[in-house]
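According to TrEMBL, the protein has these features:
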type     : residues : note
SIGNAL   : 1-18     : signal peptide
TRANSMEM : 48-68    : transmembrane segment
TRANSMEM : 89-108   : transmembrane segment
TRANSMEM : 120-138  : transmembrane segment
TRANSMEM : 145-164  : transmembrane segment
TRANSMEM : 176-196  : transmembrane segment
TRANSMEM : 216-233  : transmembrane segment
TRANSMEM : 261-281  : transmembrane segment
TRANSMEM : 293-312  : transmembrane segment
TRANSMEM : 318-336  : transmembrane segment
REGION   : 347-371  : region 'Disordered'
Amino acid sequence: MAWTKYQLFLAGLMLVTGSINTLSAKWADNFMAEGCRGSKEHSFQHPFLQAVGMFLGELSCLAAFYLLRCRATGQSDSSIDPQQPFNPLLFLPPALCDMTGTSLMYVALNMTSASSFQMLRGAVIIFTGLFSVAFLGRRLVLSQWLGILATIAGLVVVGLADLLSKHDSQHKLSEVITGDLLIIMAQIIVAIQMVLEEKFVYKHNVHPLRAVGTEGLFGFVILSLLLVPMYYIPAGSFSGNPRGTLEDALDAFCQVGRQPLIAVALLGNISSIAFFNFAGISVTKELSATTRMVLDSLRTVVIWALSLALGWEAFHALQILGFLILLIGTALYNGLHRPLLGRLSRGRPPAEESEQERLLGGTRTPINDAS
């Protein structure tokens, strides 16, 4: 069945904003500018401040939810309000996981390429599958186990491509390895977040925009407060600011003042995460979870192609092989092969409604599937 103009718009919005989210963060990392107190020119490495900006983008989804609820007042649309009362503090544990995982990924993005960053995030399938068996009592089918194995193989190939690629002064081999490992560690935390959301949050039938916004509120407030002690905590070689501390927000604002394009990149990151969450939720509702996963895979291709075109990284053929293996792993784990097999065996695809239920019931994407 042909897509409507609105559905095409949602699909395009998800693909574009999802790509902008990673590319704008990497663009900000590539800038060089002077900092505070007359410090010499240095790269913009402020991952925790960037994470605060991401949570600000998620927080805007809460404003969108209340605007929709005001608009729906007096109408028959009951999808805006939850079907049963819930305690907003239920979102605190997932928000803490999101805060930790996001911060680690922004640190890693300073050390590795944008395409490897996006591809290695596919490792979340491995840990989500294992944790769902251990803590949610799920039983994975053979195709899901094969998907996990394929994902592991794909990660090995992508990691090998990073080892064999040429590295410049900005991305040394040791930093690339550290960055890749940090991304994998972050996916473990994201998987824990998904399990917590599945076990404690989804059963309350909370509107997705409200869920994203509430977690964004917790993440924004907590991480903003943590910027104060981070200003004094020494970080050694992991620090990207002249003071050598874990985060120097004042230095970041000074750099933004001296290089306004950094502010453009940060605003692109904040706004793109808000629109990406809205578009992702709407694509799942209007089309299917399968479409959302396909678009998410296309996002990796767009990020990789633009990174090559902008000269941010060098081409390596192993990345193509790694991406294809990761794509196969994602398809197997989420059951994207079943509609094709059903069409071959019965001559027609299965009902899209049952497909959505199987994909969303078998494994959920995190409420705030960020970057």
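Note that Cβ sites are derived from N, Cα and C of the backbone, with glycine treated the same way.
TrEMBL does not curate its annotations; it predicts them automatically.
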Criterion met for the transmembrane segment (89-108) and the transmembrane segment (145-164) (at least three Cβ pairs under 8 Å): no
Whether the transmembrane segment (216-233) meets the transmembrane segment (48-68): three or more C-beta pairs under 8 angstroms: yes
Chain residues outside the transmembrane segment (318-336) and at least six past its termini with a C-beta under 8 angstroms from it: 115-116, 119, 122, 125, 129, 143-144, 146-155, 157-158, 160-161, 164, 289-290, 293-294, 297, 300-301, 304, 355, 358-359, 362-363
